[in-house]
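Student: Pasting the feature list from TrEMBL:
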TRANSMEM  29-54  transmembrane segment
DOMAIN    44-293  domain 'G-protein coupled receptors family 1 profile'
TRANSMEM  61-81  transmembrane segment
TRANSMEM  101-123  transmembrane segment
TRANSMEM  143-166  transmembrane segment
TRANSMEM  197-228  transmembrane segment
TRANSMEM  240-264  transmembrane segment
TRANSMEM  276-295  transmembrane segment
Amino acid sequence: MANQEWKNETVVTEFILLDFGNGPELDSLFFLMFLLIYFVTMTGNTFIVVLVVAHQHLHTPMYFFLGNLACLEICYSSNILPRMLLRYVSGDRSISVSGCFTQYYFFGCLGAAECYLLAAMSYDRYVAVCEPLHYLSHMDTRLCLRLAAASWGSGFLSNSILTSLISNLDFCGPNEIDHFFCDSFPMMELSCSDTRVAGFVTSVVAGVCSLPPFLLTFSSYLSIIATVMRIPSATGRKKAFSTCSSHLIAVILFYGSIVAVYVLPYHNTQTSSNKIFSVFYTILTPLVNPLIYSMRNKEVKEALRK
């Protein structure tokens, strides 16, 4: 354990990420699994960005937000998975304290930005289904740019507060983080400072970043469902639902795991379950988003064929 003695206290200079508790004999299996996931994630999301930029008929608000989401997922995965893959290859699970805070900063910023971006996408679907005659005039370029900028900006602003709080904590004891990336609560468990304020602020900020966007998304889909149910033909209802179902699947997967880890009360006994939930929003969501949107979207599949 790389530590330094300072004023009769041990100052931690690096952390050890325990990942999933797997031994060296499973490292090769985990490496191949996560390498495949990372390759599919990067390929799928890059394809979406290229398609949205290259095809004129995809220059609409829906695909503008989808392109933003794909860019975010690329950054999100690249913040966590390459370092995991390197650990499995080298066997070195250490990460510097500054590197750990940096990873946590970008992870939190991108996670919060995704919450707001998914809410913006649900609002876009609400206007498209519930107010179709006003869609083109309401969802203009200026509003789309503002919603995207607000999503990215809010994410980076919110996690700047948390990273500042956690980086000012003292770490002078054990340095093993029982997680596969640098996250707030596992890091706070190792601090020899009083973490009650940091823990409370983390839950509050997580709630602000996830619950209001979730409520906006939920209310949008209630309105969408009510509108769709009033469509007299079964074909019309099916077509309306098809434009929203893929986004709804992504929203449920992402928000459900976020709330389970950060908003609900945290206890040490939940470490294993929190790791599992964390896999959903850090690894699986970026993986399945391009698959969900491309496989269930005729316009995207047509653009791929071209």
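Quick reminder: no glycine exception, Cβ is built from N, Cα and C everywhere.
Automatic prediction, not curation, is the source of TrEMBL annotations.
Computed from a predicted structure; not experimentally measured.
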Student: Of the listed stretches 29-54, 61-81, 101-123, 197-228, 276-295, which one has the most C-beta pairs under 8 A with the transmembrane segment (143-166)?
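Tutor: The stretch with the most close Cβ contacts to the transmembrane segment (143-166) is 101-123.
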Student: When each of 29-54, 61-81, 101-123, 276-295 is checked against the transmembrane segment (197-228) for Cβ pairs under 8 Å, which one has the most?
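Tutor: Highest pair count goes to 101-123.
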Student: Any residues 6+ beyond the ends of the transmembrane segment (276-295) with a Cβ under 8 Å from its own?
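Tutor: Apart from its flanks, the transmembrane segment (276-295) reaches 34, 37, 40-41, 44-45, 47-48, 66, 69-70, 73-74, 76-77, 80-81, 107, 111, 179-181, 183, 246-247, 249-250, 253-254, 256-258, 260-261, 301, 304.
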Student: When the pLDDT values for the domain 'G-protein coupled receptors family 1 profile' (44-293) are averaged, what is the result?
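Tutor: 84, rounded to a whole number.
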